[in-house]
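Student: Encoded as structure tokens, here's the structure I'll be asking about.
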Amino acid sequence: MSFYIKEDTMRTLVEIFLVSFRLGCTSFGGPTAHLGYFQQTYVKEKKWLTDEEYADLIALSQFLPGPTSSQVGIGVGLIRGGVLGSIVSFTGFTMPSVLLLMLFAAFYLKGEVNMGWIQGLKLVAVAVVGQAIVDMVNKLLIGWRHTLLAILACAAGLILTTPWTQAAVILIAGIAGYLTLTGTTKCVTNKQLLSKKTGAVLLFIFFALLFVLPLANHFFTIKALVLFEKFYIAGALVFGGGHVVLPLLETHFVSSGIMSMESFLTGYGATQAVPGPLFTFAAYIGMILGGIGGALWATFAIFLPGFLLILGALPFWLYLSGHQKMRGAIAGMNAAVVGILTAAFFTPIISDSISGAIDAVFIILFFVLLIKWKMKASTIVLLGILVGIIWY
């Protein structure tokens with residue numbers, strides 16, 4: 001029995017890979033910035049899904065532990081090309097930063113590279129996120145209740161900075177929406193992507209590994225299994241973005257004496273300098289500890305929980321979102337997503353990117369080019385690189 005993929009399906013998968021790979025090469029600025037780039041590409045340019053469907057994916061991904069932007073990308077790939085599409089989308093988006101960090105680890109760079117172009121890309125990220133927020137405000141905040149929920153969510157995001165804030169705010173907004181809003185938000189898609197049975201199996205695997213891996217390592221001392229457990233647990237327990245994984249990995253690898261703090265911080269600094277998800281920091285650690293095989297193994301382990309969760313939860317999310325009251329809850333969650341993204345826009349996006357008046361001038365310029373001139377984000381990225389090289 002041969003494995004055969006139809007020509008149309010293959011073309012779709014190739015397209016998904018190329019688009020996600022381009023995003024993986026150009027998406028600087030952390031998970032919030034990634035969501036801005038995704039909105040620009042998947043919603044506005046490619047029209048693979050609507051603003052409402054995109055906001056649904058963000059709400060679900062924010063509510064789950066794991067790498068938010070990667071989970072959104074996996075969801076987009078699933079909608080566009082099925083399970084293979086989700087794998088291809090994840091691979092394309094993750095590959096560039098994994099390869100770059102493996103090179104960083106191999107040569108153990110310590111800051112000799114001129115990083116001015118990185119500053120230019122950070123300024124572009126601010127403009128892209130700003131545009132995404134404007135679009136989502138116009139399409140998702142359709143009444144005063146929606147707007148109020150967004151404002152309260154933004155305030156909570158600015159005041160409360162715990163890893164659980166985002167999930168708690170989205171849950172509360174969902175309850176408020178269930179009680180007070182008439183849902184106009186459509187479910188993610190009317191296509192049955194995965195069965196609830198498949199979703200239940202994936203969720204079972206997620207929770208089973210949380211218990212089985214520590215138990216197995218208690219009885220066996222296999223280096224590969226120990227490494228897998230440490231990264232899997234870290235990937236399964238992270239709420240609030242990739243930066244939150246830092247203390248977990250520090251505990252697993254530095255405090256335990258597996259690697260030095262200098263080596264650890266060098267890799268984390270390198271992770272800030274490359275595009276793509278911050279979880280790819282695992283590739284650097286894996287490369288230091290076990291070469292190419294260790295890098296790939298660590299990357300697989302840290303992303304696996306998020307992959308299982310988003311694919312496992314989506315069938316139930318689709319089922320629940322088909323009910324009128326649940327659509328009200330989703331409308332409330334989407335309003336909260338707008339508020340949370342706005343809070344993240346102020347800090348850390350703006351606070352980490354602007355250090356002087358000239359930075360603000362360039363951000364305004366990029367924003368105007370996006371909003372008024374309708375210039376593509378990919379073009380703005382190239383302009384940002386040029387500005388960074390010349391000016392910084």
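Including glycine, each Cβ sits where the backbone N, Cα and C put it.
Residues or ranges marked as transmembrane segment by TrEMBL: 87-109, 115-134, 141-161, 200-219, 231-249, 270-289, 295-319, 331-350, 356-373.
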Student: As a test: from 87-109, 115-134, 200-219, 295-319, pick the stretch that has the greatest number of Cβ pairs under 8 Å with the transmembrane segment (331-350).
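Tutor: Most Cβ pairs under 8 Å with the transmembrane segment (331-350) come from 115-134.
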Student: Okay, the transmembrane segment (87-109) and the transmembrane segment (295-319): do they have at least three CB pairs under 8 Å, pairs separated by 6 or more?
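Tutor: Output yes: the transmembrane segment (295-319) sits against the transmembrane segment (87-109).
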